[in-house]
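Single-structure report; data block below.
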Amino acid sequence: MYGIEYTTVLTFLISLILLNYILKSLTRMMDFIIYRFLFIVVILSPLLKAQNYGINLPITGSMDTAYANSTQEETFLTSTLCLYYPTEAATEINDNSWKDTLSQLFLTKGWPTGSVYFKEYTDIASFSVDPQLYCDYNVVLMKYDATLQLDMSELADLILNEWLCNPMDITLYYYQQTDEANKWISMGSSCTIKVCPLNTQTLGIGCLTTDTATFEEVATAEKLVITDVVDGVNHKLDVTTATCTIRNCKKLGPRENVAVIQVGGSDVLDITADPTTAPQTERMMRINWKKWWQVFYTVVDYVNQIIQAMSKRSRSLNSAAFYYRI
């Protein structure tokens, strides 16, 4: 009788131990499955775009405007914007808190405080030497000046494109441009450029290599010059080296994260006629300009439309950078 009771108790204990082992095994198996599933989700989530079935609200949190359901890439939430302006803008506004005001206005367009940087430059000449286009998106405001029309046009060509440049020693060497993308870029306080094309015997064509007065003058007292001559022909150059430097440059393609906005002026500067601008796309906007506050209000109002036409830190050769005018 006691043997049967001991057997029953022993059987119960063995069953309890076996059940405990089975439960632990199931727990370990479920943990493995769950962790493996979560690992796969984490790996694949950056590669997938899911449909958003919620309501997208403006960053200000306003409930006044609801946008259609969609999966959107909110560029401004992870990007920086640099706004370059001439010194005269800050002088005219004459308000120590004007940048803070604009930052709050950019916030209403979805650009968080701290993502927009305001960079001042003295004049076109100093800006062209060292543009410092450091942000993901760069918008340059250029006040139209009839006396600097050529410099403005060439500055736009300079900063809207990527260039690879090397120094030139015009005292020792002749130079030729190999193709349409090859230009000579000169910068300085006053650049006067003269050229003398040479034949195969290195004799001047319509000029004397020993007399710079017979050279053909292609630029006079400009601050920025992009010189284009006949390809495949050697040239002897004369440059005002005391006030100007010249470089042999190759246009690599559009700098798609830069926009130039012309402020005011009756003439529209156009750089798309250059055969090296491919595709020849011109995008412009214009408002009646009176004061710098009006200019900045317009930029804030249209900033997202401008950004949509640009590419973030891109050097793609497939689409052109653009030139805006207000």
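Every residue gets a Cβ built from N, Cα and C, even glycine.
For 1-50, the entry in Swiss-Prot reads signal peptide.
Residues annotated as N-linked glycosylation site in Swiss-Prot: N69.
Look at Swiss-Prot and you will find C82-C135 (among others) tagged as disulfide bond. For the recorded site, C135 (disulfide bond), the DSSP three-state label reads coil.
According to DSSP, D95 (Ca(2+) 1 binding site) sits in a coil region rather than a helix or strand. Positions annotated as Ca(2+) 1 binding site by Swiss-Prot, on the basis of experimental evidence: D95, G206, T214, E216.
Sequence annotations record features per position, and here Swiss-Prot assigns disulfide bond to C165-C249 (among others) based on experimental evidence. The number of other Cβ atoms within 10 Å of the Cβ belonging to C165 (disulfide bond), over all protein chains shown, comes to 13. Classification of C165 (disulfide bond) by DSSP places it within a strand.
All protein chains shown were included, and the count of other CB atoms within 10 Å of the CB of Q177 (Ca(2+) 2 binding site) stands at 21. Residues or ranges marked as Ca(2+) 2 binding site in Swiss-Prot: Q177, D228, V229, D231, D301.
Taken from Swiss-Prot, the feature disulfide bond applies to C191-C244 (among others). According to its DSSP assignment, C244 (disulfide bond) is in a strand.
According to Swiss-Prot, the feature disulfide bond maps to C196-C207 (among others). The Cβ of C196 (disulfide bond) lies under 8 Å from the Cβ of G204, I205, C207, L208, T209, T212, T214, F215, E216, H235, K236, L237, D238, each on the same chain and at least six residues away in sequence.
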Recorded positions (C135, C191, V229), the one with most neighbouring Cβ atoms at 10 Å: C191
Per-residue Cβ crowding (10 Å cut-off), top of binding-site residues D95, D228: D228
Neighbours of C249 (disulfide bond) among the binding-site residues Q177, D228, D301 (Cα to Cα, within 10 Å): Q177
Nearest recorded site to V229 (Ca(2+) 2 binding site) by CA-CA distance, among recorded positions C165, G206, C244: G206
Cβ contacts of G206 (Ca(2+) 1 binding site) (under 8 Å, same chain, 6 or more positions away): P197, T214, E216
Integer Cα-Cα distance in angstrom, C82 (disulfide bond) to D301 (Ca(2+) 2 binding site): 16
Chain-internal residues near D301 (Ca(2+) 2 binding site), provided their CB is under 8 angstroms and they sit 6+ positions away: K109
